[in-house]
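Reading through the structure tokens given below for one structure.
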Amino acid sequence: MNQPFRLLPVLAVMNIGLVLMIVANDWFQASDPQVRWHIFTQLQIPLVLTACLVGAALTVSAGTLQVVLRNPLADPGIIGITSGASLVAAFLLLVLPQEFQHASFYFMPVGCFTGAVFSTWIIYRIAQRLRGMTVAVVLAGIAVSTVSGALIGWMYLFSDAQSLRNLTFWLMGSLYQSDWWVIGISGPIMAGAVVYQLLQANKLNSLYAGRTAAAAAGVEPHKLIKRSLLVSAIGVGAAVSVAGSIAFLGLLVPHLLRLSAGHDNRFILPAAALTGSWVLLCVVWITESMQMVTVPVSMLTATIGGPLFLLALYRGQWR
């Protein structure tokens, strides 16, 4: 086994250890066995599954996007995929009539899929027309994010206070909005998107040599890129529908792994999945330890990821 691949079992054990710590944190605080079982089955299992699936979906999708778009900045948040999903979520939370508000939470997965896929299609088409995938994707993503932000701002103006609070909390990211119903809808989609992208890892490696070389190796680059973009958008849409917008996770994890362990996607993508899930499990553990305070996920990831991103830029590592 090559040296980097030996890290995968270590990352898996780190995830298992955190899961046990999260379960033990509440298990020993409840004295009633029925209460313990209810907390375990109805709260902790959905929470842990949400953290693992969302972390894996965001980081693997970002890692795939960085390869197919040949752009280390190809994070779902930066290139506009997340903002497209957030726009639909804002519409569901702010614009739907009051009598449908209680159902908006269950419409969220389909809405976020639609928003993410549509924004990805717009970005891809603009980038194709500009014939400069590396820069054009970022510019198109900024444009989509700006338009989405403006439309969300207009919806803010005409919404009531409770809807505004709901959207603000949702946009800051939370792993505690999930239950078995939501996991049953979004979970298989996130898992399927992650598995598909892991299976394409070897084909993604061929894109490093260029599309012509990839085609000579038996890979159909255009189909691979389009399918990878679509699956990434679906995975991100599912993650955003469950946990809201989470900053910097997808941008930093795959890139830092490539800096430290090379560019072999057969290692990078599974390592990104395990690292992303571990990071969100850490957020859960911190929040559970604080007990009285629910820390927004995006606040923690941005607090840590923002300075790391600036440091990487300053040191010239973002190439």
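Cβ coordinates are placed from backbone N, Cα and C, and glycine is handled just like the others.
TrEMBL lists 7-25, 45-65, 77-97, 103-124, 136-158, 178-199, 229-255, 267-286, 293-314 with the feature transmembrane segment.
Comparing 77-97, 103-124, 178-199, 229-255, 267-286 for CB pairs under 8 angstroms to the transmembrane segment (7-25), the maximum falls on 267-286. Scored on C-beta pairs under 8 angstroms, the neighbour of the transmembrane segment (267-286) with the top count among 77-97, 136-158, 178-199, 229-255 is 229-255. The stretch from 77-97, 103-124, 178-199, 229-255 with the most CB pairs below 8 A to the transmembrane segment (136-158) is 77-97. Only pairs six or more apart in sequence are counted, and the transmembrane segment (45-65) with the transmembrane segment (103-124) gives fewer than three Cβ pairs under 8 Å, not enough to call it a contact. Recorded stretches compared: 103-124, 178-199, 229-255; the one with the most Cβ pairs under 8 Å to the transmembrane segment (77-97) is 103-124. Within the chain, the transmembrane segment (103-124) has long-range Cβ neighbours (under 8 A, six or more residues past its boundaries) at 76, 79-89, 91-93, 96, 137, 140-141, 144, 148, 177, 181-182, 185-186, 189, 226, 229-230, 232-234, 236-238, 240-242. Long-range contacts of the transmembrane segment (229-255) within its own chain (CB-CB distance under 8 A, at least 6 residues past either end) are made by residues 50, 53-55, 57-66, 68, 72-73, 75-78, 81-82, 85-86, 89, 108-109, 111-117, 119-120, 124, 170-175, 177-178, 182-183, 186, 189-190, 193-194, 196-197, 268-269, 272, 275-276, 279-280, 297-298, 301-302, 304-306, 308-309, 312, 318.
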